[in-house]
Amino acid sequence: MMDEDMESGALGSYHDRPRTFPNMRTKPYTPLIFRVLLGVNVRVLFVLLLLGFGAIFYLAARTSPIIVFVISICIFSFLVAIYLMKWVLAKDEGPPEMVQIADAIRDGAEGFIRTQYGTISKMAMVLALVILGIYLFRRITPQQEASGIGRTTSAYITVASFLLGAICSGSAGYVGMWVSVRANVRVSSAARRSAREALQVATRAGGLSAIIVVGMAVIGIAVLYATFYVWLGVDTPGSMKVTDLPLLLVGYGFGASFVALFAQLGGGIYTKAADVGADLVGKVEQGIPEDDPRNPAVIADLVGDNVGDCAARGADLFESIAAEIISAMILGGTMAQKCKIEDPSGFILFPLVVHSFDLIVSSVGIFSIRGTRESGVMTPMEDPMAILQKGYSVTIVLAVLAFGLSTRWLLYVEQAPSAWFNFALCGLIGIITAYIFVWITKYYTDYKHEPVRTLALSSSTGHGTNIIAGVSLGLESTGLPVLVISVAIVSAYWLGQTAGLIDETGNPTGGLFGTAVATMGMLSTAAYILTMDMFGPIADNAGGIVEMSQQPESVREITDVLDAVGNTTKATTKGFAIGSAALASFLLFSAYMDEVSSFSLEPFKQVDIAIPEVFVGGLLGAMLIFVFSAWACAAVGRTAQEVVNEVRRQFIERPGIMDYKEKPDYARCVAIVASASLKEMIKPGALAIISPIVVGFLFRILGYYTGQPLLGAKVVAAFLMFATVSGILMALFLNTSGGAWDNAKKYIETGALGGKGSDAHKAAITGDTVGDPFKDTAGPSLHVLIKMLSTITLVMAPIFL
C-alpha cells in the first residue's frame, strides 16, 4: 500500500496516515495445553477439575491439616488472580494503532518464548537422564536404606521432582509474559485518561502474575510433599521418617533453578541487545527519541521487556521461593529430629504456611492501590512511587501480624514455650531486612536522591566521567547491603540459638533454623515485591506503545513518569532478590553439609580453607562468578553489534524511513535478536552447571589417591562459599550501577542539564548502554546462579564422596 501511494504521489504526512505495523507470525498461536483444554467439553472439563481437586485434597487430608490449609489458600489466591485477570482484560485497548503495535509485541514475545522453552526443555531432558544415571549407581543414606527406599526409587523420585520443578518454573515465566503482553496496551490506553488509572492497571496486572507465580511455587511443593508422604507411607513402622522427607524435594528446587537460569540468560541477552542496538543508532547516531516508530529495532526492544523482565523474573522468583522453602523444610526437619520434638510437622511445613499468608497480605496490598473516582478526566500527576510504597507498607504491617500468628501456631513446643517468640523475632528481622534492602536500592537508583543526580551531573563533562561515576556508585552501593545481611544473619542465628531448643547432649540447636525463619520473613512479602517488579516492564512497554502510536505529549509524560518509577522498582526488587539469595544460599549450604554427613557417616561441620586443595576450590568458585559475568555481558555485546549493523543498514538502504516515507523492517531485528540470544545463552549456562560437578568429581579422585575421603565434598563446599560471597557482591554492583545509569538518563530527559539531545544526554545514553547488560543480564543471572550452585551440589552430593 505504501509503495502504491508513493507511485501515485498520494503520500501525505505521517500523522495523517493510518499507521500499520507488521504481524510477526503467520497464524495465531495457542499453547498445546490450551488447545487440548479448549477442545474438551465444558462438563467433562468441570468433572475432571473436580476429580483433580478431590485427589489433591485427599492427599492433603492424609498428610496433615496444615497441608489442607496451604492448598486451600493457594486455590483461593488463584480465584483472586482470575478476578484480577478479568478486571485487567476488561479495560479497553485504545485506538487501532495502539492495538497493532501491541499485537506485534505479543507475537514477537510468544514466538521467542516458544522457541526458548523448546531449547530449555531439550536440555532439561538430557540433564534428567544424567541425574537418573547418577542416582541409579550412587550410594544411599542409612535412613533411606532403613525405610526401604532403594537406588531405583530414589532415582525416579529425584528425576520426577526435577522435571516438575522445571515445568512449574517455565509455567511461571510464561504466565509473567502472557500477562505483560496483554496489559501493556491497556496501561497505554488508561494513561490517556488518568495517571492513577494507568498506575492501577499496571499494578494489578503485575499482581496477577505475582499471585500465580507464588501460588504455583507453594502448591507445587505442598502437593509433591503430600504425594511422597502418602506413597511412601511416611511415619508408618519400617518406613521413612517425616523429618527425612524434605530431602526428596531437592530435585524440585534444582529443576526450578535450571529453567530460571536459562530463562534469565536468554531473556536478558535478548532484551539488552535489542535495547543497546536501538539506543546507539536511534538516539545517538540519528537523534530520534526513544521508542520512535522509525527505529527498526524498537519492536525487538519492546518484546525484550516482556521476555527478559517479565518471563525471566517470574521464573526467577519462583525459583527463589522454591529454594527457600525446601532448604527451610530440610533444616526444620533436622532440628526437630535432633531435639526429639514429638510432632515435627509444624517446623517442616512452617515455610509453606508463611508463603500462604504472603498470598493473602500481598493481595490486600495490591487492592489497596485504587484508581481515581473521576473517570474520563486527566487527573494531576501524583508520585507513583509513593503510592506503591503505601501499598508495600500495608503489606508489611499485615505480614508482621501473620508471621507472629504462624510462629505461635506451628512453632510452639512444650519443652521450650518461648521458642516461638524468638523465631517470630527472627521473622521480624527478615521483614525489616527486606524493607531496608528496598530502601537502600531505591536510594542509589532513584533520581530523587543524591547519588543518581551526582551521576547525571557527571554526564555534563563527557562520556568518560559518566562511566567513572557510575562504576564508583556501583562499587559503593555494595557496602550497606552487605552490612545489613551480616547483621541479619548473626542476629537471627543468635535468636534461634537462644530459643531454648536443645539436642540430646544439651547443646542449643536452633541457630540455623533461626536464619531460615529470617529468610522466610524476608520473602513473606514476595508476591507484592514481584508485583512492583512486573510493574516496571509493563510501564516501559506502555510508554513505547504511546510513543510509537504518536499519542499527545501529555500522555507520554504520564508513561515517562511510570517508566522511571518502574526502573526504580525493578532495581529495588533485584536488590531484594540478591539479599534473599544470600540468606537462602546460606541455608542451602548448611543443608549440603548435613547431606554429606548423612551419606559419608562422618561429621562434616566445618571447612578448613588452609588446606591447599580446599583453598583452590574457593578460588575456582570466585573465578566462576567473574567468567560467567564476562560471558553474559559479551553475549549482549556480540548480539547488539548485529542489531546495530542491521539498523544502520536499514537507515542507509531505506533513507525514506527518517521522513516516514518508508517502513522499517521490524521483523528482521526481532529475528536477529531471537536467534542470537538462544545461541549465546548456552555457553555461560553450561559453564554454571558443569563447573561444580567437574570440580567435585576431580578432587574426589584426587582425595581417593591421597587418602582424603571427603576432599571432593570439602572442595565443593569452598567452591560454594567463595562463589556465593563474590556473586553477591558482583550482583549488587551490576544491578545498582545499571539502574543508576538508566535513571540518570531519565533524570536528564525530564529537562535537567540541557534535557533531551544535549551533550549531557548523549553521555548519559552511553552510560545507560554500558549498564544495560549489567542490570538486566549478568546481574539478575548471578543471583539465580548462586542458588542453582547450591541446589545442584545438593542433588549431586553423592558423586563427590
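If you go along the chain as it appears here, the first residue is 1 and each next one adds 1.
Glycine is treated like the rest: Cβ placed from N, Cα and C.
The structure displayed is predicted, hence computed values, not measured ones.
Residues or ranges marked as transmembrane segment in TrEMBL: 32-60 (among others).
According to TrEMBL, the transmembrane segment annotation covers 66-85 (among others).
Through the fold, the transmembrane segment (120-137) approaches residues 151-152, 154-156, 158-159, 162-163, 166, 170, 251, 255, 258-259, 262-263, 266, 689, 795-796, 798-799 of its own chain, all at least 6 residues removed from its boundaries and within a Cβ separation under 8 Å. What TrEMBL records for 120-137 (among others) is transmembrane segment.
For 201-225 (among others), the entry in TrEMBL reads transmembrane segment. Within the same chain, residues 56, 59-60, 63, 67, 70-71, 74-75, 77-78, 80-81, 84-85, 87-88, 91, 161, 164-165, 168, 171-172, 175-176, 179-180, 182-183, 186-187, 190, 245-246, 249, 252, 256, 310, 314, 317-318, 321-322, 325-326, 329, 349, 352, 355-356, 358-359, 362-363, 366, 369, 388, 391, 526-535, 538-539, 542, 562 sit at least 6 positions outside the transmembrane segment (201-225) and bring their C-beta atoms closer than 8 Å to a C-beta of that stretch.
Under the heading transmembrane segment, TrEMBL lists 245-263 (among others). Same-chain residues lying 6+ beyond the ends of the transmembrane segment (245-263) with a Cβ under 8 Å from its Cβ atoms: 116, 119-120, 123-124, 127, 131, 154, 157-170, 173, 217, 220-221, 224-225, 228-229, 232, 234, 311-312, 315-316, 318-319, 322-323, 326-327, 329-330, 332-333, 348, 595, 681, 685, 688-689, 781, 784-785, 787-788, 791-792, 794-795.
Residues annotated as transmembrane segment in TrEMBL: 419-440 (among others).
The transmembrane segment annotation in TrEMBL covers 478-496 (among others). Here the transmembrane segment (478-496) has long-range neighbours at 422-423, 425-426, 429-430, 433, 436-437, 440-441, 510-515, 517-518, 522, 575, 578-579, 582-583, 586, 728-729, 732-733, 736, meaning same-chain residues at least 6 beyond its ends whose C-beta is under 8 angstroms from one of its own.
If you look up TrEMBL, you'll see 508-530 (among others) marked as transmembrane segment.
Annotated transmembrane segment per TrEMBL: 575-593 (among others), in sequence order.
Counting residues 6+ beyond its ends, the transmembrane segment (614-637) has Cβ neighbours under 8 Å at 265, 268-269, 272-273, 276, 607-608, 677, 680-681, 683-684, 687-688, 691, 695, 699, 711, 714-727, 730, 734, 772-774, 777-778, 781-782, 785, 789 in the same chain. Residues annotated as transmembrane segment in TrEMBL: 614-637 (among others).
Sequence-distant contacts of the transmembrane segment (685-703), counting only residues of its own chain at least 6 positions beyond either end whose CB sits under 8 Å from a CB of the stretch, comprise 127, 258, 261-262, 265, 613, 617, 620, 624, 627-628, 631, 709-713, 715-716, 719-720, 785, 788-789, 792-793, 796, 799-801. For 685-703 (among others), the entry in TrEMBL reads transmembrane segment.
Under the heading transmembrane segment, TrEMBL lists 715-734 (among others). Only residues 6 or more beyond the boundaries of the transmembrane segment (715-734), in the same chain, are considered here, and those with a CB under 8 A from a CB of the stretch are 474-475, 477-478, 481-482, 485, 574-575, 578, 581-582, 585-586, 589, 592-593, 596, 607, 609, 613-622, 624-626, 629, 691-692, 695-696, 699, 774-775, 778-780, 782-783, 785-786, 789-790, 793, 800.
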